[in-house]
Each structure stands twice: as structure tokens, then as C-alpha cells.
Amino acid sequence: MAYNITSLMTNFCLITTILSLTLSFKQNSDNNKITKYMRNAFIISLLPLIIYIDQQMDSSSSFTSTFNMISFNLLLGFEADMYCLTFFSIALYITWSIMQFSLWYMHEHNNTLFFKYLTMFLISMLFFLSANNLLQLILGWEGMGIMSFLLINWWHNRLEANSAAMQAIIYNRIGDTGLIIFMIWSALFTNSWNMKQIFILQNNSMDLWLPLLGIVLAATGKSAQFMLHPWLLSAMEGPTPVSALLHSSTMVVSGVFLLIRFYPMIKNSQMIISIILCLGAMTTLFAALCASSQTDIKKIIAFSTTSQLGLMTVTIGINQPQLAFLHMSTHAFFKALLFLCSASIIHTINNEQDIRKMGSLHLILPFTSSCTLISSLALMGMPYLSGFYSKDIILETLNMSYVNAWALLSTMLATALTSIYSTRLILLSMAMTPNINTLIFLKKDKNLFSPLIRLTLGSIIFGFIISTFFLPEKQPNFSIPFNSKILPTIMLILVSSLTLYFMNNHKFSHMPPLFFPSMSGYFPAIFHRLFSYYFLLFPKKVSSSLLDILWYETLGPKSISHNLSSSSSLFNKLSQGTINNYITIFVITILSSLLTSALYF
């Protein structure tokens with residue numbers, strides 16, 4: 001009875017939360033009202049979270065059968081477990097902060113459509129988080145893809161924004177084929193799209209590599225893993241609040257969340273586990289290398305997102321999905337804070353994004369600089385900020401796990417590079433000699449400072465809260481020597497100190513124009529230029545070299561001209577009056593007549 005009441009209250013609160021967000025689409029809603037609706041939805045979402053903390057009981061509900069076939073029933077419902085309830089509140093909290101910040105940032109474009117797009121983006125994520133079946137899951141999944149296209153292309157009169165939005169759609173369509181493959185497999189072999197039923201019905205005798213490879217492909221596209229990552233960098237063409245929401249708590253983390261959701265199946269395939277581990281290791285190292293050589297503040301933060309997503313994928317690859325979710329939750333706060341701080345900085349220095357042209361911002365923007373410092377330290381894993389509670393335990397578990405040395409070394413090197421590019425960002429933008437030309441002094445506005453304060457508090461204390469109340473179900477082994485336990489912290493301090501020393505005491509030469517990390521690993525040049533060139537060149541050659549020649553030479557006017565020329569040449573020879581032609585015609589005629597007479601008479 002207690003379970004039924006708890007389940008009823010939990011699902012009622014989840015439905016109420018989503019329905020309260022739909023008030024944003026009323027015709028008389030302005031931007032302030034939409035932001036208040038988001039705040040109210042966050043407050044309502046805390047109730048099921050408190051119920052879960054008290055009861056420690058998952059809740060799964062299904063409603064009336066939507067599709068009824070001979071052997072296939074589909075029940076729509078909600079999956080209210082630790083993952084759903086925790087990230088539900090996190091996503092609402094961060095979106096509320098981003099929307100309030102947008103009241104200041106987008107004040108020159110007072111358009112409620114932007115806020116409604118953000119609300120729809122969040123509703124798609126919440127629908128995805130709470131889905132207990134594949135139909136709801138793919139509706140939320142595709143909803144995020146559509147809304148990301150609209151938001152990235154918000155400045156639709158800019159060619160770069162159009163191109164970035166198309167990249168996001170195309171790369172995600174590649175990943176979406178994997179999810180469709182899994183849906184087809186589950187319908188054929190388990191006769192169900194309910195995720196819990198699929199987990200129960202699948203057994204070790206099934207060949208799971210193809211459907212699980214589809215899940216990995218879907219996560220690779222959505223979470224911008226190696227090979228399908230270029231769209232995330234291009235997505236910086238959208239407004240900075242969109243980047244903050246996209247990178248922190250919605251679209252890009254949905255791929256990692258998909259792997260966490262399907263871990264009960266993934267753990268049965270060692271091959272898929274190894275693929276996930278190596279994919280995450282390549283992603284985190286590659287993105288960290290690229291971030292270390294970028295000069296655009298938004299691109300540095302974007303590559304840092306890709307690197308952290310790779311770290312989450314590595315964590316799933318060492319069979320610790322709870323730790324991956326812990327890092328996903330803490331990462332949401334300081335990544336949203338980093339983007340909002342960068343938006344404030346860019347707006348102040350007249351839309352300049354090159355960190356080499358900044359400097360001494362702590363004198364001009366002391367509060368924003370403090371928030372940037374805290375978020376960067378949390379990203380590095382500084383004790384005792386939010387990032388420390390997730391990154392430290394991940395690195396400890398990675399050191400104690402039986403993984404191949406290449407994946408371990410790549411992840412450790414990426415962690416060191418995180419300290420390098422974060423320290424470089426702090427120094428060049430805040431502590432070096434000022435190189436700023438134009439300043440736009442900020443007025444004191446609660447819509448600017450309140451979101452930064454809330455996200456800063458989250459970046460400081462949320463890691464402690466979630467690690468206290470939501471301990472992993474699968475506890476890693478912590479019986480390691482003290483020296484090994486403090487190794488990540490020592491490495492963080494050492495690498496940051498070395499970066500400080502070299503940047504202050506050595507003059508670095510300009511990077512080569514075709515330097516691998518600064519060119520994003522040549523991916524834009526190869527995939528967007530070279531492949532497109534040859535892909536378009538092939539049909540051009542087919543049309544010009546094959547079809548045109550076939551028509552022109554064999555069937556077309558040139559062929560007709562050749563045939564007429566041959567015929568006229570023959571008749572011309574016959575009409576020249578030579579005795580040889582007449583004798584030949586005479587002989588042929590006589591022989592034909594004799595042959596005909598012999599055959600018929």
C-alpha cells in the first residue's frame with residue numbers, strides 16, 4: 001500500500017511538472033512569466049526527489065495500452081528512479097538559471113519565441129529522462145534534435161549558423177540510425193518496447209552485439225564522441241545561453257544517459273564494453289588536446305565538454321554507470337556556469353571571443369571573474385568543489401580497474417590537459433596584461449547576477465550533496481594506498497603550477513598554421529571539405545563523362561550525323577559513273593535473281 005501511494009505521488013508530481021511548463025505557451029505569456037513557470041516547475045520537481053530520498057524506492061508506472069497487436073503491446077508510462085528524479089531537478093534548476101540570464105542577455109531581442117524554444121527543448125529532455133519504453137524515448141530524443149536545430153539556427157540570417165544547424169542534424173541522423181536498429185531488433189526478438197521487459201527477456205544466448213552497437217552509435221552521435229564530434233563545435237554559432245543549456249543538461253548528455261539506461265544489457269557483452277571504453281578514451285584525449293590549442297573562449301569550453309563526455313563514457317566502460325551519472329550531474333552545474341560567464345565577458349568586451357585579446361578582467365568584472373575561476377577549478381577537480389567528488393573517485397576506480405594501459409594512460413593524460421587549458425583560460429583572460437579595445441560596462445542587474453550566484457553555489461556544494469544521498473549501488477574498491485589516493489590531486493596541483501610557471505616565464509612562438517590540435521584534428525577539412533568534394537565529383541563525372549558521352553556519341557546528334565555522312569558517302573560513290581560500280585551492281589543483281597529462281601522454282 002505504501003509503495004502504491006509513493007508511486008502515485010511521484011508520478012503525479014512528474015506529470016504536474018511537465019504540464020506546468022506547458023503554461024509557457026499561453027498567448028499572453030511574456031519572458032518573465034515563462035521564467036517563473038520554470039522556477040515553479042523546479043520547486044514541484046523537488047517533491048518526488050524528496051520522496052525518493054526518504055523511501056529509497058524506484059517507481060515505474062504504465063498507463064492504458066496504446067498499441068495492441070497479436071504479440072506486441074506498448075504501454076506508455078514513467079520510469080521514476082534515481083537517475084530520472086535527480087537529473088529532472090538538475091535540468092529544471094539549470095534551465096531556470098539560464099532563462100533568467102537570457103532576460104538580460106537577449107533583452108535587445110525581446111522575443112518570447114526564444115524562451116518557448118528553450119522550454120520545448122527542456123520538455124523533450126524530461127520526456128526522454130522519464131521514458132520507460134522506446135517510443136517515448138525516441139520522441140524525446142528526436143524532439144531534442146529538432147529543437148537544437150531551431151536554437152542553433154536562431155540567428156538564421158547568418159550563413160555560419162545555417163551550416164552549424166545542418167551539421168547538428170546530419171551528424172545526429174547518423175547516430176539515430178543506431179537507435180532505430182535497436183528498436184527493430186527489440187520488436188522482432190523480444191516483442192516489446194518496454195525497457196524493463198527487454199532487459200528481462202534478453203538472455204546470454206542472444207547475439208546482442210548488433211543492437212548494442214546501435215545504442216553505442218546513437219550515443220556517439222548525440223554525445224559528440226570521436227568521429228561524430230564536429231557538430232558540437234559548430235553549435236557555438238547559436239546564442240550563448242543555448243550553448244549553456246545544450247552542453248550542460250540536455251542534448252549532449254542524453255547519449256551518455258542512454259548508455260546508463262541500457263547498461264543492464266551492455267554489461268553482458270564484453271566486446272561492447274571494450275568499444276565504449278576505447279571510444280571514451282579517444283574522445284577525452286583528442287578533445288583535451290584540441291582545447292589546449294584553441295584561442296576562442298567558447299571553443300575551449302566546447303572541447304572541454306567533449307572531453308568530459310569522453311570521461312563519462314570511459315567510466316561506463318569500466319562498469320561504473322553510477323559514477324558516470326554522478327559526473328554528468330556535477331558537470332552540468334559548472335559547465336552552465338562557464339558558458340554564462342563567457343557570455344558576460346563577451347558582451348562586456350564588444351563580442352570579442354579571443355582570449356589573447358582579453359586580460360585583467362578581474363579588475364573590470366570581479367564577480368564574473370570569480371565565478372569563472374570557481375567553475376574552472378571545479379572542471380579541473382579541485383578539492384572540495386563539485387567536480388572533485390566525481391572526477392576523483394572516477395580516477396581512483398580507473399587506477400584500480402583491470403583496463404588496458406592505453407585507455408588508462410589516455411584518460412590520465414586528458415585529465416592533466418584539463419588542468420592545462422583551464423589554467424591557460426584563467427591566466428589569459430583574467431591575469432595577463434590587458435589587450436582590450438572596447439568596453440561595455442555592465443549595469444547591476446539581478447537577471448545577470450542571480451543565475452551566476454545559483455550556479456556557483458551548485459558548483460561548490462552539489463557534488464557533496466549528491467555523493468552523500470545517492471551513493472553508487474555498485475561500490476568500487478577503495479582499499480588503495482594513501483599515496484595513490486591523493487595522486488589525482490597532486491597531479492592537478494603540479495600541472496597547474498607548471499602551466500603557471502611556463503606561461504609567466506617563457507615566450508611561446510606562434511603555432512604552425514596546420515598544427516593538428518589547432519585544426520581540430522583536420523576533421524572539418526577532411527570530412528566537410530574533402531569528402532564532400534569527392535562525393536560531389538563522382539556524380540559529376542558520371543553525368544559528364546558517361547551519360548553525356550553515351551547520349552552525344554552513341555544515340556544523340558553526333559551518331560545521327562555519322563550515319564547520314566556514311567549513307568551520303570555511299571550514294572556519292574555510286575553516282576560517280578564509273579564502270580566498276582555498274583558491273584558490280586549488274587553482277588549482284590544477276591546472282592540474286594538466279595539464287596531466288598533456284599530456291600523457289
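Cβ coordinates are placed from backbone N, Cα and C, and glycine is handled just like the others.
The stretch that Swiss-Prot tags with transmembrane segment, taken from the ranges 363-383, 426-446, is 363-383. Taking Cβ pairs closer than 8 Å, the transmembrane segment (83-105) reaches residues 10, 14, 17, 31-32, 34-35, 38-39, 41-42, 45-46, 48-49, 52, 114-115, 118, 122, 125-126, 129-130, 239-241, 244-245, 248-250, 257, 260-261, 325, 328-329, 332-333, 336, 340, 343, 347, 445, 447-448, 450-452, 454-455, 458, 466, 470 in its own chain, all 6 or more past its ends. The highest tally of CB pairs under 8 A with the transmembrane segment (300-320), across 134-156, 271-291, 400-420, 581-601, is held by 271-291.
Looking at 112-129, 271-291, 323-343, 363-383, 400-420, the range that has the most CB pairs within less than 8 A of the transmembrane segment (451-471) turns out to be 323-343. Only pairs six or more apart in sequence are counted, and the transmembrane segment (400-420) with the transmembrane segment (323-343) gives fewer than three Cβ pairs under 8 Å, not enough to call it a contact.
By number of Cβ pairs under 8 Å, the transmembrane segment (323-343) is matched best by 363-383 from the list 112-129, 271-291, 363-383. Counting only same-chain residues 6+ beyond the ends of the transmembrane segment (112-129), those with a CB under 8 A from a CB of the stretch are 17-18, 21-22, 24-25, 29-31, 34-35, 37-38, 83-84, 87-88, 91-92, 95, 98-99, 102, 106, 136-137, 139-141, 143-144, 146-148, 150-151, 154, 239, 241-242, 245, 249-251, 254, 257.
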